[in-house]
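Copied over from Swiss-Prot:
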BINDING   10, 11, 12, 124, 161, 195, 291  UDP-N-acetyl-alpha-D-glucosamine binding site
């Protein structure tokens, strides 16, 4: 059996695809896996690092809104579809599993032409254009939110890395806090804006850090590799404020934390919900508003807080986040609510949907 994955561009598309690849290999070590990508996407690094074949196709960005560039898309797309067809034929693909992004649409159209079963996974609450089109031709459609608008979809959550999906935060906490140089007993706030960091979150947390420390809160802050580390003048006897450029072990960062301040990308929301880590979500104020929609269900369930980017101030953190971190019972209740909302088994469920799609084709 050979499965072709189509989910390049950003980590939000690539990580669920790789989680599916890992789950397929756990069930059948002989399964062939090829990931489609473009030469400018993160997949050029992430896919080979995980040991999977990467096949490059020309990038055809899809404008979010009608623009003059939209006229050129069909012509450029034809060449990319042809290149994708050649990969599907070379690998003798039994299924295409798509996750959105630049490479997904040509993969769906090439698979439709060749009669290869399509499985679509949509991570965002508001589907992107590629997955809207792909879902029309798909044998199986999986979504990450219960109220998705994609037709004939099945709610499974988002496939996660095993280090996250199997994480026992309480058991890993002593190791995690020791690794980051944190106090083993103090309430801990984790702050990160994702792989690239978030300037506004960085600015606000640096302003409010002294107040949090005075209240007995320690902070682990990933500023992002493109941002300068702040100068820290640690006062004797004060809880630590530890800025780092990047967190290689997000599982241990989650284990070390009691609460998180972060953006609301679909993968972030899924991971925090799965491990039961409550968060103050600050949706990125661009795009089509999908980050707010991503966070709303878990916030409604009681597993987090939600604040607009423009409303995030030191005063808001003092009034809303500090009381949570200072109240162990409230932290426990929010953690439980997040965990009850989260899904840890989406990777295995999606494997089942891939097998169902292949079996349905065989019966025809």
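Using N, Cα and C of the backbone, Cβ positions are placed for all residues, glycine too.
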CB within-chain contacts under 8 A for residue 161 (UDP-N-acetyl-alpha-D-glucosamine binding site), separation at least 6: 15, 18, 19, 22, 251
Number of Cβ atoms other than its own within 10 Å, given for residue 10 (UDP-N-acetyl-alpha-D-glucosamine binding site): 18
Residue 12 (UDP-N-acetyl-alpha-D-glucosamine binding site) CB neighbourhood, other CB atoms within 10 A: 23
